[in-house]
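Reviewing the structure listed below.
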């Protein structure tokens with residue numbers, strides 16, 4: 001019943017996955033002197049705009065329906081693709097600005113909530129998230145092969161065609177999921193500022209000690225993770241000197257291992273050592289992974305650290321579980337909204353932080369002749385990846401904070417102040433109903449990513 005959502009997600013991210021190799025090349029050619037800094041700023045602006053706009057778009061979709069906003073988000077998210085070969089400067093400018101509408105997952109999860117029963121939603125969310133992972137496991141490898149065999153232009157044309165196919169699919173085949181009776185009487189229905197305020201959930205963080213500890217843990221651990229996502233493949237390609245085919249293989253292998261870790265290994269750990277200890281173990285793996293990335297200078301070190309990174313992916317599903325176990329159903333949306341808001345903020349701050357640290361330590365890609373020997377300064381020869389070490393320190397602080405999270409809080413996560421804000425906080429999940437299960441949507445999305 002959710003195949004419409006599955007197809008939309010697969011086509012959108014498959015198109016972007018194809019561009020992994022060409023995008024790294026164009027980025028380095030466009031900004032040869034400050035590649036990492038500009039990469040961080042581009043993704044940082046996009047992340048911050050997405051964080052600011054997501055609640056408003058979700059609230060508007062509750063009034064005007066999901067299909068129109070699904071079409072809007074997919075169109076503007078994919079709009080930069082053809083500009084890659086037309087004008088690289090416009091390409092990166094439009095990528096930054098597209099963050100205003102780059103919230104497809106929020107609308108998709110609301111769409112799924114509309115068309116499924118409460119007991120079906122966790123399975124449906126898992127299916128959508130698995131589809132997202134599958135699209136990114138396969139598409140970079142395909143894009144790298146086509147780029148080497150036929151050139152970047154063919155990859156850009158193919159990605160553009162797939163994006164257009166996705167838009168046509170939404171126009172023709174995707175039905176509206178939000179029933180008319182669930183919408184306000186007119187399109188002029190008012191939307192409160194609390195619904196559209198991206199900082200609404202963050203202001204409630206300090207109202208409960210357990211929630212505060214969880215949110216600090218999420219912030220300190222996801223900040224380096226968001227920065228890593230924005231720059232790591234560029235780092236592999238230009239500093240560690242991975243070939244495009246090797247980068248694609250790395251993405252595929254780590255993606256598959258992460259799926260196994262979040263399904264098989266996570267279940268075993270949750271049953272054997274408990275929820276809190278699983279979080280601590282995941283943070284420990286993340287510290288090891290980031291430290292290895294920071295000091296590693298050989299390809300085999302990156303592969304080994306990638307396997308550790310797959311194990312570190314168990315952290316956020318475990319955090320989601322501990323929140324859902326310790327919060328009442330009518331408070332799930334509030335607590336999950338806080339965590340999702342913090343992660344959205346990290347998606348803007350993390351890339352900018354990594355780009356600035358690369359720039360601060362003079363890790364620049366000065367080698368453009370293809371020799372591959374002089375792309376780093378003396379400082380980066382000692383510490384090849386300074387931002388990853390900063391990230392490891394941040395996650396270490398996160399681990400220390402997580403030690404104080406109680407395994408079972410019971411009524412402790414039930415302050416009355418949350419309940420009076422529940423409607424506004426649930427706007428973060430963009431769901432038309434007030435059930436706790438729907439409040440889990442954003443975090444399920446993030447943990448699967």
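Cβ coordinates are placed from backbone N, Cα and C, and glycine is handled just like the others.
Predicted automatically and left uncurated, TrEMBL annotations should be read as such.
Per TrEMBL, compositional bias 'Polar residues' is recorded for 423-434.
According to TrEMBL, the domain 'Major facilitator superfamily (MFS) profile' annotation covers 1-410.
Annotation source TrEMBL lists region 'Disordered' at 414-449.
Note on the transmembrane segment (7-28): residues 35, 38-39, 70, 74, 77-78, 81, 84, 88, 91-92, 104-105, 108, 128, 131-132, 134-136, 138-140, 142-144, 146-147, 152, 155-156, 158-160, 162-163, 165-166, 169-170, 173-174, 233-234, 237-238, 244, 247-248, 251, 365, 368 of its chain, located 6 or more positions outside it, place their CB under 8 angstroms from a CB of the stretch. Annotation comment: TrEMBL describes 7-28 (among others) as transmembrane segment.
Long-range contacts of the transmembrane segment (40-61) within the same chain: residues 68-69, 73, 92, 95-103, 106-107, 110, 178, 191, 195-198, 200, 226-227, 230-231, 341, 344-356, 358, 427-430, each at least 6 residues beyond the stretch ends and with a Cβ under 8 Å from a Cβ of the stretch. Residues or ranges marked as transmembrane segment in TrEMBL: 40-61 (among others).
According to TrEMBL, the transmembrane segment annotation covers 68-84 (among others). Remote same-chain partners of the transmembrane segment (68-84), defined as residues 6 or more beyond its termini with a Cβ less than 8 Å from a stretch Cβ, comprise 8, 12, 15-16, 19, 22-23, 26, 57, 60-61, 90-92, 94-95, 98, 100-104, 107-108, 111, 152, 156, 159-160, 163, 166-167, 170-171, 174.
Residues or ranges marked as transmembrane segment by TrEMBL: 90-112 (among others).
Non-local neighbours of the transmembrane segment (124-147) in the same chain are 1-2, 5-6, 9-10, 13-22, 105, 108-109, 112, 116, 154-155, 158-159, 244-245, 247-249, 251-252, 255-256, 258-259, 440-441, 444-445, 447-449; each lies 6+ residues outside the stretch with a CB under 8 Å from one of its CB atoms. Residues or ranges marked as transmembrane segment by TrEMBL: 124-147 (among others).
Residues or ranges marked as transmembrane segment by TrEMBL: 153-174 (among others). Counting residues 6+ beyond its ends, the transmembrane segment (153-174) has Cβ neighbours under 8 Å at 4, 7-8, 11-12, 14-16, 18-19, 21-22, 67, 70-71, 74-75, 78, 81-82, 84-85, 143, 146-147 in the same chain.
Marked as transmembrane segment by TrEMBL: 211-235 (among others). Packing against the transmembrane segment (211-235) from elsewhere in the chain are residues 20, 24, 27-28, 35-36, 39-40, 43-44, 47, 204-205, 247, 251, 279, 283, 286, 290, 293, 315-316, 319, 322-323, 335, 338-339, 342-343, 345-347, 349-355, 358, 385, 387-388, 390-392, 394-395, 397-398, 401-402, 404-405, 413: each is 6 or more residues past its ends and has a CB under 8 Å from a CB in it.
Annotation comment: TrEMBL describes 247-270 (among others) as transmembrane segment. Within its own chain, the transmembrane segment (247-270) has Cβ neighbours under 8 Å at 20-21, 24, 130, 133, 136-138, 140-145, 233, 236-237, 277-278, 281, 302-303, 306-307, 309-311, 313-314, 317-318, 321, 447-448, counting only residues six or more beyond its boundaries.
Long-range contacts of the transmembrane segment (277-295) within its own chain (CB-CB distance under 8 A, at least 6 residues past either end) are made by residues 217, 221, 224-225, 228, 232, 266, 269-270, 301-302, 304-306, 308-309, 311-316, 318-319, 322, 383-389, 391-392, 395-396, 398-399, 402-403, 405. What TrEMBL lists as transmembrane segment is 277-295 (among others).
Feature annotation from TrEMBL assigns transmembrane segment to 301-323 (among others).
Under 8 Å from some Cβ of the transmembrane segment (344-361) lie the Cβ atoms of residues 34, 36-51, 54, 198, 202, 219, 222-231, 377, 379-380, 383, 386-387, 390-391, all in the same chain and six or more residues away from its ends. Feature annotation from TrEMBL assigns transmembrane segment to 344-361 (among others).
Per TrEMBL, transmembrane segment is recorded for 381-405 (among others).
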What same-chain residues lie close to the transmembrane segment (381-405): Cβ under 8 Å, and 6 or more beyond its ends? 210, 213-214, 216-217, 219-221, 223-225, 227-228, 231, 235, 239-240, 276, 279-280, 283-284, 286-287, 290-291, 293-297, 322, 353-354, 357-358, 360-361, 363
Determine the mean pLDDT over the domain 'Major facilitator superfamily (MFS) profile' (1-410), rounding to the nearest whole number. 80
For the transmembrane segment (90-112), distant same-chain residues with Cβ under 8 A (at least six beyond the ends): 2, 4-5, 8-9, 12, 26-27, 30, 38, 41-42, 45-50, 52-54, 57-58, 61-62, 66, 69-70, 72-77, 79-80, 83-84, 121, 124-125, 128, 132, 177, 429-432, 441-442, 444-445
